[in-house]
Amino acid sequence: MSMIEEPLYPIAVLIDELKNEDIQLRLNSIRRLSTIARALGEERTRKELIPFLSENNDDDDEVLLAMAEELGVFIPYVGGVEYANVLLPPLETLGTVEETCVRDKAVESLCRIGAQMREQDLVEYFIPLVKRLAAGEWFTARVSSCGLFHIAYPSAPEALKTELRAIYSQLCQDDMPMVRRSAATNLGKFAATVEAPHLKVDIMSMFDDLTHDDQDSVRLLAVEGCAALGKLLEPQDCVAHILPVIVSFSQDKSWRVRYMVANQLYELCEAVGPEPTRSELVPAYVRLLRDNEAEVRIAAAGKVTKFCRILNPELAIQHILPCVKELSTDSSQHVRSALASVIMGMAPVLGKDATIEQLLPIFLSLLKDEFPDVRLNIISKLDQVNQVIGIDLLSQSLLPAIVELAEDRHWRVRLAIIEYIPLLASQLGVGFFDDKLGALCMQWLKDKVYSIRDAAANNVKRLAEEFGPDWAMQHIVPQVLDMINNPHYLYRMTILHAISLLAPVMGSDITCSKLLPVVINASKDRVPNIKFNVAKVLQSLIPIVDQSVVEKTIRPCLVELSEDPDVDVRFFATQALESCNQVMMS
């Protein structure tokens, strides 16, 4: 190929591949745009590649999405920020297509480019683009335009700023609900760039239009705007303009709007300040906690602790606690679960007396809930209550419930309890643990479900770490080692696993004197699975024990196993012998 033709080659390949019927080829070609641009050089990229992409009317959304993404990072390939404007036409086209994810990606890329453009270029190229999209005949263009105002507005001269605010106001009243939804979603971003005097007048009138929209999908997006606008306004303006909207939304006829209020209420409380929260928002929140839709109650219940932190304890006890009692016996298990996941956090807020009198009975009823997730959510947060009411009371009231869960017929419940045992042990102390929970930990090593046995072995290790090797030597190791004689090979395997986990915690001396003999003995087991697990355990013990022990005890055992009739036993024994040799070499 001659020198003149060579630079044409990449663009020719690109054009061929972009017109190929195979979508995968077209996609690959788009994903290699940056490579092609580098091959062409900046000038030819601007003059040939970008115009070609602008004209490329591929109808496959995947290709268009990839193109929208690639163009967002294309500024270096067209010659830097001063030429960024050449990237706007293809992205403008992509911002009008029917597929939402393509439009969203095009808007994201336009925002990324706009944020880097020089001020005069924004006025000359970017703002006209926003205006064209906002005046688009097809609603998709108008939807996309809403996401670009916050980039265009700060650089605009005063007259253009007034025009942009007027255009956004029209978009908030557009005939198409999709456009109004987009305007509601982006109002907070746009408002953050608008000057304070216009914020109170223009933005608040747009916000007012959206809050009275007849479509609930627009109103629920306006709820999100409440929190964003609340942070921008002065507290007194917030109380005057935002608070009435929140209160009316909390009684909206659409449950989806009420759900959004329940989700956002805590952020809204921060925006309006403590006094209006107490007088106006507490009644609204109580209404949401008693809503007739379970979804709304779930959202409200999940925020109960955060909400109580804003109030003083008296108000929380007077208004919120009665609702919490009702929710703890709610007909929906998901409401109870949401409550259980946060209710423990109320203990520090309410103080010791109120926790003992009011909250403990609720904890206990949730701990005995028929739905496993509810019980687990309570157990996982016990430490928050322990800090408030002390260990004695906690153990008296909660221990029976914990023991009951430890023997629950659902294995996932048993599993969750095991995972919390080390946490409970560290919270409740060694004396309490020995009396009440020690026997349970041994019992789990013989559970019918493998996951429970596996977790029980890990639990034994974590307890040894928590209370130290001396305690473990007295309370755990003897019972664990006794179980190696269990008639069922699966239980014997669990014990081998437990030994391999305990050895690093117990240290070299105890491993050599107590644990290693048991493992060596197990190598004579009649079940191949036990024997190859012995090889694995011995391999894990090599770094822990002295070199002399490896040579005298571990190596002979592995040599014997490496001649076993079973292929798996031979494989793992040979692997372990290789580890022995590596240690010797080092």
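Every residue, even glycine, has its Cβ placed from backbone N, Cα and C.
Predicted automatically and left uncurated, TrEMBL annotations should be read as such.
Database features (TrEMBL):
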type	residues	note
REPEAT	10-48	repeat 'HEAT'
REPEAT	164-200	repeat 'HEAT'
REPEAT	203-241	repeat 'HEAT'
REPEAT	242-280	repeat 'HEAT'
REPEAT	281-319	repeat 'HEAT'
REPEAT	320-358	repeat 'HEAT'
REPEAT	359-397	repeat 'HEAT'
REPEAT	398-436	repeat 'HEAT'
REPEAT	476-514	repeat 'HEAT'
REPEAT	515-553	repeat 'HEAT'
REPEAT	554-586	repeat 'HEAT'
Sequence-remote contacts (6 or more beyond its ends) of the repeat 'HEAT' (164-200), Cβ cut-off under 8 Å?
127, 130-131, 134-135, 139, 142-147, 149-150, 152-154, 156, 206-207, 209-210, 213, 215, 217-218, 221-222, 224-225, 227-229, 232-233, 237
Given a Cβ distance threshold of under 8 angstroms, which distant residues of the chain, six or more beyond its ends, lie next to the repeat 'HEAT' (515-553)?
477, 481, 484, 489, 492-493, 495-497, 499-500, 502-504, 506-508, 560-561, 564, 566, 568-569, 571-573, 575-576, 579-580, 583-584
Please report, as numbers and ranges, the same-chain residues at least 6 past the borders of the repeat 'HEAT' (281-319) whose CB is under 8 Å from any CB of it.
243, 246-247, 250-251, 255, 258-259, 261-263, 265-266, 268-270, 272, 274, 326-327, 330-332, 334-335, 338-339, 341-343, 345-346, 349-351, 354, 358
Return the average pLDDT for the repeat 'HEAT' (359-397) as a whole number.
72
DSSP residue counts for the repeat 'HEAT' (281-319), split into helix, strand and coil:
31 helix, 0 strand, 8 coil
Please list, for the repeat 'HEAT' (10-48), how many residues fall into helix, strand and coil according to DSSP.
33 helix, 0 strand, 6 coil
